[in-house]
Each structure stands twice: as C-alpha cells, then as structure tokens.
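Heads up, the thing below is written out as structure tokens.
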C-alpha cells in the first residue's frame, strides 16, 4: 500500500478507488460523462487490469484473471505448504460490470470492502486460519449478452454452453469476444472454474442496498434475510403495419398498443401482491415511423417476488393475460425466458454472523430482504451465503449516476466485514 493510502480511513480509500475505477467507461458513454462497462469491452478490460493491480498493491498472495474474466485474489491462511490444500476457503466479492449509464458502487463496493480488509491484515502482518478468496465477477448485469450471472455461474457450474454462440448488437459472439479479450473462449476451460463446495466455508457479499429502506430507517447497515426470486423474458408482438391516416382505429392491429396494455396489466397484477414487482425496461418498434401503425413491438419483462411460488404465480398470470390481450387485439404474442432465478434465503448461521458483526458496532440490527438479484443467489446453489447491505444516499437510488454512499458508511461496512472474519477466526481456532 502507498503510505498516503495507509493514512486514510478504509471508507475514504473505497471512495477513492471507486472514483479511479469509474474513469473507465465505454467511449460513446464516456463522452457524455456517463458510466457504462459491459462485458469484455475495452473499458471492461481496463477495469479488470485496475482490480488486478490494486489487489497486488495491497498484498494479495495470488492474483489472476480466469477464463470468463473474473479477477481473483487469494490471501492465504497462516499455514505450512504441507497443509495448504486442507485449509478451508471463505469466498467473497461482487461484480465490476455496470448497467448503461449506471452508478459506481453497485457491485464494486463488494469488491473494495474485502480488499480494504486485506490491506489492513497486511499492514498488521496478520494471517487468518482460512484462505480469503476475493472475486471481482466479470458479469452480472446481462447488458451485452443475455447471460445474466454468467461470471458467478461459471463458479457454480451453471454456465450454459449455448451462451458462447450468443451475439451482441454488433453481431460479435460471446466466444469471439472472449478470444479478442485474450481469454480461451473454450467451454472446457470455463467448466473447470466450478468450485468444489467441500473446500468452502461459504460466500458473503457486501452490496449497496439499491433501495430507500435503510435511508428511511436512519441505519447505515442492514442484514439480508433472502434474495427475491426473479424471471426475465423477451417478448415479441406482431400485428400489421398500415397507413396511420387511412386505417380506422377499430380495424387496427397495433403491436405497440398491445404491448402498452400488457405493460399496464403487468403493473396492476404486481400491485395486487403488495410485494411483487413487474417492469418493462425496454421497448422497441422495429422499422417504426411517425405515420405507420406499429406492426411489431419487442419488449422485456422483469418479474420478481419474495418466494418461488409467488413469482411463478405472478409470471403465469401475466403471460396468460398477455395472450388474451393479444388475441382480443388480433395480434400474436410470443415470449422467451432468458433468466430464471430461485429465491435465495440467507444461511441462518452466516446471517447470524453478520448480525453479530453489526451489533458489535453498536448499530441496531435491521433485517430486510433483497428485491434485486445478486451474485450471492448464484453461489447459493453450491454453498451457504449471506449478504450485508450498505445504505445509499439520494434515497437509495441505484442503476443511476446519482448512486452514492458516504465514506463513513463504507468504513462501517469494512469494520463489520473485519468483525465477521475475526469472529470466524475465533470459531475455527477453538
């Protein structure tokens, strides 16, 4: 660590690192002073290089980039070479890609917090009774390719072979993007990344809340009880393109109006649950014109609920009603599921460890569920997991340039993380 950094609080260092990492953005967005980092673009590779350099600078024992672009840092346990393979591993981290015109703390906070903790361990010349593996996941947002959680999915063995042949909007396949980025682009190399769950204690993730609850409660930290179930789909409506001036309203087969009615129906259905959400985040009219009745409309649906059963009921109702709306309007409706994730309740033992860590800082323990998906819900498939949320400013807004945290809250997150690994060290040493 540079001496000037060692004099700063961990929270202040995290804000500085976040500013430095946010320098890298894709050109068309950077020229508008906006942050966009999608999978394996030039900006994405620059981010990976920055994280590798930072990990080496603070004192990680091993730093590497794997076959999907994850940046992996290992801080080894206090052990001899003869026992190194039998020492358990604690896995942590989050993602470094962003949504388009996103914020600089989503995902990245969960990489910087454990890096700050390792920096402190190095300064104190202290080793843990377990290996600490910190992963900067290369992709979580599903922006360039429709392959959400591909990076953490590689670690759980759920990377889908067909993803390699997906193309981005420029016609570049994922395989070619990997090869162009210096990665193998080879399925066997990706499958080799699957972690052996018997070697791992669990996975913990620190993340900005991405919501207003902690702000409203006046609390800097919150302990996550579960991550909501979710499903994403692309939807396709085909009607008939006709002259806007000569086609009577009652004779139109308007694809866009069908999509609009489906969007409003989805909103109404989600509201009926009280704690479900449904979002149409993208909508396009291919070949649309100001004087043509839309003959085609493509849009996305993102549906989430606290449990799998509630999510499934929500999805079933929305698609059933969408089909009926399309039939009544004499248009066709098709959909394709591109992501389905089960709810991921926090492991009780790991959740209690977070609660103990927060309580030790004289902060009231507040528990909440996560409406957003996170890498933890993929790691949940093979090992116990639990998350810690950090309060965001600006009413908790996220996926937005206004996303912000304070140095004080970031510092508390580092302290909570340190308390957890200290307590875990005591447990394992008994």
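Glycine residues also receive a Cβ, built from the backbone N, Cα and C atoms like all the rest.
Cross-referencing 106, 180, 362, 426 with the Zn(2+) 2 binding residues that TrEMBL gives (141, 399) picks out 106. In TrEMBL, the allantoate site is described by 232, 291, and among 252, 304 the residue recorded at this site is 304.
DSSP assigns residue 106 (Zn(2+) 1 binding site) to coil in the three-state reduction, outside any helix or strand.
When the Cα of residue 207 (Zn(2+) 1 binding site) is compared against those of the binding-site residues 232, 291, 304, 399, the shortest separation belongs to 399. Every protein chain shown contributes to the tally, and the Cβ of residue 304 (allantoate binding site) ends up with 26 other Cβ atoms within 10 Å.
Other than the site residues 95, 106, 207, same-chain residues with C-beta atoms no more than 8 angstroms from the centre of those residues' C-beta atoms, the Zn(2+) 1 site, are 94, 105, 107, 108, 109, 110, 140, 208, 374, 375.
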